[in-house]
Amino acid sequence: MQQDGLGVGTRNGSGKGRSVHPSWPWCAPRPLRYFGRDARARRAQTAAMALLAGGLSRGLGSHPAAAGRDAVVFVWLLLSTWCTAPARAIQVTVSNPYHVVILFQPVTLPCTYQMTSTPTQPIVIWKYKSFCRDRIADAFSPASVDNQLNAQLAAGNPGYNPYVECQDSVRTVRVVATKQGNAVTLGDYYQGRRITITGNADLTFDQTAWGDSGVYYCSVVSAQDLQGNNEAYAELIVLGRTSGVAELLPGFQAGPIEDWLFVVVVCLAAFLIFLLLGICWCQCCPHTCCCYVRCPCCPDKCCCPEALYAAGKAATSGVPSIYAPSTYAHLSPAKTPPPPAMIPMGPAYNGYPGGYPGDVDRSSSAGGQGSYVPLLRDTDSSVASEVRSGYRIQASQQDDSMRVLYYMEKELANFDPSRPGPPSGRVERAMSEVTSLHEDDWRSRPSRGPALTPIRDEEWGGHSPRSPRGWDQEPAREQAGGGWRARRPRARSVDALDDLTPPSTAESGSRSPTSNGGRSRAYMPPRSRSRDDLYDQDDSRDFPRSRDPHYDDFRSRERPPADPRSHHHRTRDPRDNGSRSGDLPYDGRLLEEAVRKKGSEERRRPHKEEEEEAYYPPAPPPYSETDSQASRERRLKKNLALSRESLVV
């Protein structure tokens, strides 16, 4: 190492000397003058000179032998002062003081140091200090006022660096790593980073990160080397990677893309993914999920049909239904609703081609022959359009039970439990007797039969119920109060007429066949089953009877009932008509006519039964719920086209 002055007795430092003992350099060359850098040598020299001055003062005034000893001591002290231990120096250098790297790229900051001797390993310390000024900002604004001021300061002082030379209190200072021997210790801020000190004193970053830009100082500390320059610095700037193309996928490069376009592309991709999930959900949606959860791609549909689901819930929970109360729930006798309109289970319908109406399936039969199930059209009900065709049971042309199930499903689809009310529309009026197959016995339910119509008298028997003449317009006919009629009570039913038969009518009953004007026994009037038949018999003058007894029966049923609110009440009960002052006298001719007809009916019964067998079809086979259930299960297993909604029914 170079020193200020080397050699003894020289000023230019060119002379050199060696110590006497080879292992201890106690007589190393020392400078003539000290410039304040070695304080220990200066203090030793001052003490030696003080002792020398004291010895000389004593020796001059003492014995000559003592003076010789003092001279030896003086020489020894002088030589010991000149031959003290040498002062070593250290020098630290950085080969490249300026580094610019890309983010996440490795970088190494080289640092080397030199010493006169290395009896012990020195301590290497790397420190981080932020820039006093931002180099990146100044590079993008070279015409700023601060840049102009820095340029003026650099021109006046060539060694001035405005980005490095500032107080540590105004910038960030951190210890990066330290090394002593082979042990490397990272600072608290850099724990977990791949940073190490390699070689002599090189600082190595495996990956740079944001915030690594700054000034890094390399310091070497040794207990033996007290002179020289033990510190140097290097600047590091970390830049982000910028290129003219954007690499979206590995090996795929695209041109520069705007930020707003990138956001739009991301939103569209998210929407497409959501739509794809919705479509897959609709395709794979189970039929047992909640009906109120709808798919986003098909909002008009849900996982299962709502109408069918609600009807099934009503059937299983026992809630009364306005469509078929006896089918969906078992009602108590107190809440028994009026019987719905039924389709008669009789012979073929007249007036239609083939004997069937337009809304009846000819090949379907739920209870055997004579039981026809109507098929609903889409135009029959206003709510039929709401039923989705995707959830209907596809009726099979070969299987009659599928038609029945289709009809029942159509009824359930039109069922709305949230709006109870009186039944309306063809769906309610088309109720057939299929709904009563599973009902309990009618004998176990308290019910009241229809009220019988009062018996008409002979005076107004010639007028039909459609006649405008009322009871008040009929003239009162007074009858004589004698005979057996005056002593007999009024008959309240047809069956009570047997007890009121007079002696004269018993014989007339046997002669009734001859009194009918030659009418054959096959076309005798049938036995009266109700009082409506008596009206038809009395109205024979207005409506002549045909030879077909069934036509007469249907004609009596097609006659509209009398309006109870009109003033034409045909009742003979004085309690029902308060305007009459008293009861009219009873006419016995009606009684005689009824008894005569009853006797002829008893004799004509065998012939009538033979005629009825010729008109009516044979009775259907007895219904068995077990057989029907077993056959229904077999048909369901064979039909693979049934949807899962049919199981709810």
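Glycine is treated like the rest: Cβ placed from N, Cα and C.
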Phosphoserine per Swiss-Prot (candidates: Ser95, Ser130, Ser144, Ser371): Ser371
Candidate annotated in Swiss-Prot as phosphoserine, out of Ser424, Ser444, Ser579: Ser579
Swiss-Prot annotation, disulfide partner among Cys218, Cys267, Cys280, Cys282 for Cys111: Cys218
Record feature phosphoserine (Swiss-Prot), assigned residue among Ser57, Ser169, Ser401, Ser493: Ser493
Candidate set Ser418, Ser530, Ser628, annotation phosphoserine, source Swiss-Prot, matching residue: Ser530
In Swiss-Prot, the member of Ser117, Ser364, Ser504, Ser540 to which phosphoserine is assigned: Ser540
Listed in sequence order, residues with CB under 8 A of Cys111 (disulfide bond) and six or more positions away: Val92, Thr93, Val94, Val124, Trp126, Asn200, Ala201, Asp202, Leu203, Cys218, Ala232, Ala234
Averaged pLDDT, computed only over the residues in the topological domain 'Extracellular' (1-259): 72
